[in-house]
């Protein structure tokens, strides 16, 4: 199936395999169809021009074509410069890559969202973004229980809908939305979120209600902190993960990433180490049903990142 203007079953000469360019076509309910790479390079906490350039160069060389950033990460400008530098090196054009950014919690609401989107576009040096997310259901400085959170995120979504209709945001979505937040948004909007980016790993699953809402609305669940995140190694060190990795001669990180993919999630692993970026991409294997069940049944349950459950 040709994608992104290529004439063969490849993206810019790179064969579509489960190890590098896994993709997911989202046939949304709101008259637009987009292509999302299930395997995206995350850039949270990655800063400094030299480091960013090294990461982008290594990722493009390996065949990655999707990159995730956010206004709050403070690295949009360096990512934009890196893409300008390295796309020509690999004979790539803007339309060959998929760029995601996010609205910072401080910029929620009608009075700020337009300026925030334009600022991200300017920082990245782009005319459009492939995907733009509301990063958090709450607003900086507001108590989590304040009903103003709901009002402001609704205003933010309406602002993103305008950019979507104008074409400068090719798709829009959310991050850290619970089932309650998703239901509220879908019931009041003409545009359904293309993506809901959430924490997900064998120590932290989601209620069936969230799965069902996202499945019904054809919203892709995209996993962050697949390896634990925020410097936490507990998931990587889990005895069940290690046992399965040893059995099939893989690394724990590869087991966790493959598990998330087989659960139907997109993944956003990050690393500043080119060799680790390569290893993370080498997941062209299938976990057996009994191994999937073992990972699904891990008793230890813990959320390692931010908890949106109490955001009104």
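All positions are counted from 1 along the displayed chain.
Keep in mind that glycine also has a Cβ here, set from the backbone N, Cα and C atoms.
Record features (TrEMBL):
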- 135: substrate binding site (BINDING)
- 49-298: domain 'NADP-dependent oxidoreductase' (DOMAIN)
- 102: site 'Lowers pKa of active site Tyr' (SITE)
- 21-46: transmembrane segment (TRANSMEM)
Neighbouring C-beta atoms (10 Å sphere around the C-beta of residue 135 (substrate binding site)): 23
Neighbour tally for residue 102 (site 'Lowers pKa of active site Tyr'), based on other Cβ positions within 10 Å of its Cβ: 26
Separation of alpha carbons, residue 102 (site 'Lowers pKa of active site Tyr') and the residue listed as 'substrate binding site' (Å): 5
Residue 102 (site 'Lowers pKa of active site Tyr') - helix vs strand vs coil (DSSP): strand
Whole-number mean of pLDDT values that fall within the domain 'NADP-dependent oxidoreductase' (49-298): 95
Secondary structure of the residue listed as 'substrate binding site' (DSSP, helix/strand/coil): coil
